[in-house]
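Notes to accompany the following structure.
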């Protein structure tokens, strides 16, 4: 290896760049012990990891090899998490939104803790305080927008809420500006660069975690099926890719995740598409899953009762001639939503894993195995939701592009808040438009 002097590097920055390059190159070729013995960030040791498997499982699986022990631990904890998922679905939309908020906070905590562990020896002032303050500000902004959008009548009915809603964006900006000024005042001369690193760290974390958590809640309001099916497809792909890779995996898929294989990737894809079709067929028959989640102002509670849209009504489709001879059918009856589920499950199995690869690269950069040790055999909460956040963004964009149309109830809510003269003007304009289209008769012809 060439020394810095042999290369005649003239500045500390040149040496730092070479160090970074050497460290990245070594990470791909060195052994686990080598990679854990060094650190890219000023000689700081890697974040330690520990085996937090419950003692009862350790004793029960003590006779198994580490490979099969890990398989059983992951399997048992996966079943426990799936059971918990079913329970919170049964408890309804409000509990689901609360769980999304809790998951968001835990993911934020795990990522910020990594930053703090890496840079804590520099004693950066106010880092964690400002990080949590910015989390509060961003959540206030997003949830305030959601409350104004989906609980409009309730907000207009209560005077304090109406004032907060009217000036919501100004208040949100003022809160953020306060944090911004606090950050500037906290700058220390010898740590400028590190402090700006962490300022960017916090904001990127907010973008990844909080923004996409907000999109998950928006998807939930479109109908629980838009929340459950995408999440279930990601879970199914994760499980089936692991199973196919465990039993049949031979060909490495990507260097960032050495345990991922092409066999697992392809097997997970076909299994997820089939699972998405079956789950969509079952859920499309129940109004509690297909109806939008709306707030009932009379009962002050959420309702999921409606007349199912065309997406959730069985229709007959012609099978392509090429497949008719193979299947022996000319037509098939299915829900239109099942066609959309193919797009959702395809994204979950082909693109969704790249969220996991991104997280793997992030962890390798900081020489850690998992974001945390919250779930034995699985790592932290962020380790389980790295693909879910990417999926949530896709679902929200998909709904906005191909599904969602104008919402009459929201238009009426906004109409009722206008001044009487504005309401009369809109009424006369709408009436003239309907007369021109022939929907209403012309009063002058009567």
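One is the number of the first residue shown, and numbering goes on along the chain from there.
Cβ from N, Cα, C; glycine included.
What you see is a predicted model, and the numbers here were worked out from it, not measured in a lab.
Over in TrEMBL, the protein carries these features:
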- 20-39: compositional bias 'Basic and acidic residues' (COMPBIAS)
- 20-53: region 'Disordered' (REGION)
- 126-143: transmembrane segment (TRANSMEM)
- 170-188: transmembrane segment (TRANSMEM)
- 195-217: transmembrane segment (TRANSMEM)
- 223-249: transmembrane segment (TRANSMEM)
- 261-283: transmembrane segment (TRANSMEM)
- 337-359: transmembrane segment (TRANSMEM)
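Only residues 6 or more beyond the boundaries of the transmembrane segment (337-359), in the same chain, are considered here, and those with a CB under 8 A from a CB of the stretch are 225, 229-230, 233-234, 236-237, 241, 254, 256-257, 260, 265, 268-269, 272-273, 275-277, 279-281, 284, 290, 311-312, 371, 382-383, 386-391, 394-395, 398, 402-403. Contacts between the transmembrane segment (126-143) and the transmembrane segment (223-249): absent, as fewer than 3 C-beta pairs lie under 8 angstroms at sequence separation of six or more. Taking every listed stretch (195-217, 223-249, 261-283) in turn, the largest tally of C-beta pairs under 8 A with the transmembrane segment (170-188) is reached by 195-217. Listed as Cβ neighbours of the transmembrane segment (223-249) (distance under 8 Å, sequence separation of 6 or more from its ends, same chain) are residues 71, 74, 78, 82, 85, 89, 93, 96, 216, 259-269, 271-272, 275-276, 279-280, 283-284, 288-293, 304, 312, 337, 341, 344-345, 348-349, 352-353, 387-388, 391-392, 394-395, 399.
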